[in-house]
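Asks: Got a structure for you, written out below as structure tokens; questions coming shortly.
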Amino acid sequence: MIRFYHVYQSYQKDVFALSDISFTINPGEFIFLTGPSGAGKTTLLKLIIREEIPKKGQILVHGQNVSSIPVNKIPRLRRSIGVVFQDFKLIRNKTVFENVTFVLKTLGIDLKERRRRAHNVLKMVGLQHKTHFYPLELSGGEQQRVAVARAIVNDPVLLVADEPTGNLDPDRAADIMNLFEKINRKGTTVLVATHDRDMIQRMRKRVISLNAGRLDHDSGSQVHGEEN
Amino acid sequence: MLQFLYFSFSEAITSLWRTRILNLLSLGTIMFAMFILGSFMFVGLNLQNLALDWQKQIQFNIFLTEEITEEERAEIQAYLGKSFFIDTFTYLSKDQARMRFDEKFAAYDKVTEGLEDNPFPASFEVFLLRGTKQQTYTTLKDELSTFGGIEEVYYDEEIFKRLGMFAGFIQMAGWFFGVIVIFSSIFTISNVLKLTFFTRREEVDIMKLVGASRAYIRGPFIIEGVLQGLLGASAGVALVYAGYLAVNHFLTGNATFILGNLEPEFLPLQWVFLILFAGAFSGLLGSLFSLHQFLEEHISYH
């Protein structure tokens with residue numbers, strides 16, 4: 001599913017945001033990516049969705065080398081990955097329905113099918129009654145659930161979330177995590193970047209931990225036979 | 001392709017509506033630009049019509065020689081009778097010509113009093129059909145020169161040439177200003193779209209992150225520019241039409257001494273389409289410029 005081979009990333013000469021990162025994530029896994037602020041969690045996620053290109057090393061996602069993927073293939077790669085951001089990244093002048101189904105619209109899926117899929121995912125996140133609301137009319141937790149609905153509406157094989165509960169109170173954060181578990185049980189691989197230690201301990205999932213751009217610990221390294 | 005067009009149009013229309021206040025600026029500019037262009041075309045067209053109408057009034061004289069025979073006169077008369085371009089013609093004998101001079105210039109009766117011979121030549125007075133081109137005059141003149149018994153073919157070429165040139169000048173000026181205002185429209189649309197983009201750059205970034213392709217991000221912007229141009233040009237044409245109705249209303253019964261029975265004519269349909277096309281085209285260029293200058297870096301996946 002995802003393989004990192006000795007990946008390096010830097011924004012300034014000799015200052016590495018990521019340094020010699022190698023790991024494997026298998027299909028259907030639920031992984032927490034953790035570490036203090038500045039550890040390189042967001043950079044790592046950006047490399048997966050090809051928002052950035054690594055300075056060195058190879059990254060395979062669904063068997064594609066995203067470091068060398070042609071530019072015109074990037075949209076397709078991103079459509080196969082559901083992404084949830086800490087700041088939700090919802091389009092403010094589009095309704096919940098429009099935000100959730102935007103990608104489906106660019107794929108030419110007709111309105112009836114878009115409605116059906118939007119209804120299903122919004123029901124899953126408990127917002128089926130708010131399809132015509134605009135993001136700013138929703139609470140933070142609701143906005144994050146819309147972002148989750150958008151991320152899963154196109155049935156991605158991989159769901160990536162960057163600090164998805166960072167702006168939420170503990171109850172809403174637990175709701176989102178339960179939702180991710182539910183999605184993972186359906187077979188979607190889930191990778192969640194968070195520094196919420198309580199949450200990680202409670203969920204008892206594989207944890208990849210970063211520190212100052214280096215892979216500090218991988219609780220699943222022995223199981224998956226990967227060198228750190 | 002159809003799904004792409006559907007997507008681009010629906011997104012562009014939604015965006016136009018949601019940022020309507022901002023869009024009013026570019027719509028207004030294009031409307032003004034196309035109004036100027038259309039007005040020049042309208043004035044030029046009607047001046048040309050007026051010139052053509054006046055041509056009908058211009059007397060086309062064929063002065064005959066003293067020695068002309070009856071047969072030669074009959075040949076000329078037959079030729080004039082058969083020509084498609086001649087509306088009416090009358091024969092004026094030497095005596096009739098002198099009488100007309102005496103009637104018109106009674107104050108100068110002494111000028112002709114002492115004359116034993118009649119110096120006024122016999123002639124044909126010819127009126128051409130409205131809309132007849134200058135080339136036809138020349139052809140007629142050339143053909144008539146082959147006939148015997150003709151002293152001179154005379155018509156007031158200058159006045160008609162000048163009027164024609166003036167109408168042409170007005171139309172040229174229309175095109176000149178038209179091009180200037182079209183460029184200003186392109187510039188405005190380009191800048192308004194940049195402003196629109198500023199308000200939507202976050203949206204574009206999100207579109208990229210969720211996997212919208214370049215074409216799907218650019219498409220709505222381009223269609224938005226084209227629609228702005230088309231709507232602005234339509235409003236401009238509507239203004240010209242309003243102007244035409246006002247001119248028509250004002251001139252009715254007020255300017256018969258100039259216009260006779262001539263009524264102002266609105267722009268032909270193909271000209272209207274040309275203006276609409278110019279609007280849409282400047283919208284297209286405006287959006288392409290703004291995309292090129294500013295959006296590329298945001299839309300690029302590099």
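Glycine too: its Cβ is placed from the backbone N, Cα and C atoms.
Unlike curated records, TrEMBL annotations are generated automatically.
What TrEMBL records for B:21-45, B:172-193, B:226-251, B:271-291 is transmembrane segment. TrEMBL lists B:59-153 with the feature domain 'FtsX extracellular'. Residues annotated as domain 'ABC3 transporter permease C-terminal' in TrEMBL: B:175-293.
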Asks: Mind tallying the domain 'FtsX extracellular' (B:59-153) by DSSP state, helix then strand then coil?
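Replies: Counting residues by DSSP class gives 43 helix, 22 strand, 30 coil.
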Asks: Which whole-number mean pLDDT does the model give the domain 'FtsX extracellular' (B:59-153)?
Replies: 83
Asks: Do you know the DSSP helix, strand and coil residue counts for the domain 'ABC3 transporter permease C-terminal' (B:175-293)?
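Replies: Per-class counts: 102 helix, 0 strand, 17 coil.
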